[in-house]
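**Q** This is the structure I have questions about; it appears just below.
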Amino acid sequence: MKGKLEPSVRQAFVEEGKNLKESLIALEEDLVQLTDKLQLEAQSIPNTTHPDVPVGGEENSVIRKEVGSQRNFDFTIKDHLQLGKDLDLFDFDAASEVSGSKFYYLKNAAVLLEMALVNWAIAEVSKKGFTPLITPEIVRSSVVERCGFQPRAQNTQVYSIDNSDQCLIGTAEIPVGGIHMNSILLDSDLPLKYVAYSHCFRTEAGAAGAATRGLYRVHQFSKVEMFIFCRPEESDKYHEELITIEEDLYASLGLHFKTLDMATGDLGAPAYRKYDIEAWMPGLDRYGEISSASNCTDYQSRRLGIRFRPAPSEPPPATNAKKGKGGSSGPTQFVHTLNATAVAVPRLIISILENFQQEDGTVLIPEPLRPFMGGLGILAPKPKGTA
């Protein structure tokens, strides 16, 4: 086109250029559609699993540890719903009118108990080198997806906001996982440990039956979540650290619980290995999950773009060193991510009320929580005639 050309030849080239441009636009549109389809297919592929994870459904999960034993009551016990009514702790009826089913008001000492559980958990976990966070509770849909969740899938647990690319979080794992998105971390900064407080919102699609009554399965609740970014070779070690912290927390409350190494069929897409803790809930007459701890290896960090640059290797001895040659840091690597629940408030309220109820209708508060409740050690019914 820059040289001398016959007008007819030049015009032919112009037309060819227009056609190529139009073809390119069409190809780019096809590429976007194919990329989106590829992304959806890729999101359906779960993480690999640890070689020691039991194979099969939830029933194939293996008990890793059991702490305490079921309390023997010499009186007729109540479930947390009846205890909450007698002690004036909850109002499900008003919440149902205001917000719908599976919502609740906490009242009186239940408010103090929630705050105590949150503050106690953050205080205890912070002692172990975790940085406290309060997270955003609305995040971009893309961040939810990159963490391994499907915000707009059928029967999703995620609330999406209409006419936006945002969702309500179901766990602080999502905003904490995204805090270092598209970053290259310093090797010297690892591990990064966070303990995060947030409200959580879940649709609980498909949940029904007596096992979901009361506080056990609700649409909104408070939770304290632990999260670690670490080097790949250290993630198994930090997984053990997280489950040990959880077990120590619940043992200090005097709860009877068992820790399970969850089978492959019960692992979510991001989890390489997951431990669940189930506490005995005598009023419900069964064990109920109160916590989990997952090692997600690099499943989330690859999608979130979180890498680290390994520290330079040690330089060779001076006698063999060549001028200008020192250690080498090598290429960047993806970090590993882990998450674990320190406190899921409603499930622990159930556990405390049902396990520590007394024959006279009172409930004993576990010793570690009392300093966070202004010294209150017993939940007792209000005297008749008081508001």
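Positions of Cβ are set from backbone N, Cα and C atoms, glycine also.
Note: TrEMBL annotation is automatic and uncurated.
Sharing the features that TrEMBL gives for it:
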type	residues	note
DOMAIN	79-366	domain 'Aminoacyl-transfer RNA synthetases class-II family profile'
BINDING	T171, R202, E225, N339	L-serine binding site
BINDING	R202, T203, E204, V218, H219, Q220, F221, E289, I290, S291, S292	ATP binding site
REGION	307-332	region 'Disordered'
SITE	T341	site 'Important for serine binding'
**Q** Quick one: mean pLDDT on the domain 'Aminoacyl-transfer RNA synthetases class-II family profile' (79-366)?
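**A** Taking every residue in the domain 'Aminoacyl-transfer RNA synthetases class-II family profile' (79-366) and averaging pLDDT yields 92.
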**Q** Taking Cα-Cα distance, which of the binding-site residues R202, H219, F221, E225, I290, S292 are within 10 Å of T341 (site 'Important for serine binding')?
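**A** Passing the 10 Å Cα cut: E225, I290, S292.
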**Q** What same-chain residues, at least 6 away in sequence, bring their CB to under 8 Å of the CB of N339 (L-serine binding site)?
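**A** The answer is T171, E173, V176, G177, E225, M226, F227, I228, L242, A293, S294, C296.
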**Q** Using CB atoms and a 10 A radius, I'd like the single residue among the binding-site residues E204, E225 with the highest neighbour count.
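**A** Ranked by Cβ atoms within 10 Å, first place goes to E225.
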**Q** Can you tell me how many other Cβ atoms are located within 10 Å of the Cβ belonging to R202 (L-serine binding site)?
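**A** Result for R202 (L-serine binding site): 20 other Cβ atoms within 10 Å.
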**Q** Cβ within 8 Å of the L-serine site centroid (T171, R202, E225, N339 excluded): which residues?
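**A** Near the L-serine site, the remaining chain residues are I169, G170, A172, E173, I174, C200, K223, T341.
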**Q** Under 8 Å Cβ-Cβ from F221 (ATP binding site), six or more apart in the same chain: what's there?
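**A** Sequence-distant Cβ neighbours: H199, C200, L215, A344, V345, P346.
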**Q** With Cβ-Cβ distance below 8 Å and at least 6 positions apart along the chain, what are the contacts of H219 (ATP binding site)? List them in sequence order.
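**A** For H219 (ATP binding site), the qualifying residues are S99, G100, K102, F103, F201, R202, T203, E204.
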**Q** When a 10 Å sphere is centred on the Cβ of S292 (ATP binding site), how many other Cβ atoms does it contain?
**A** 23
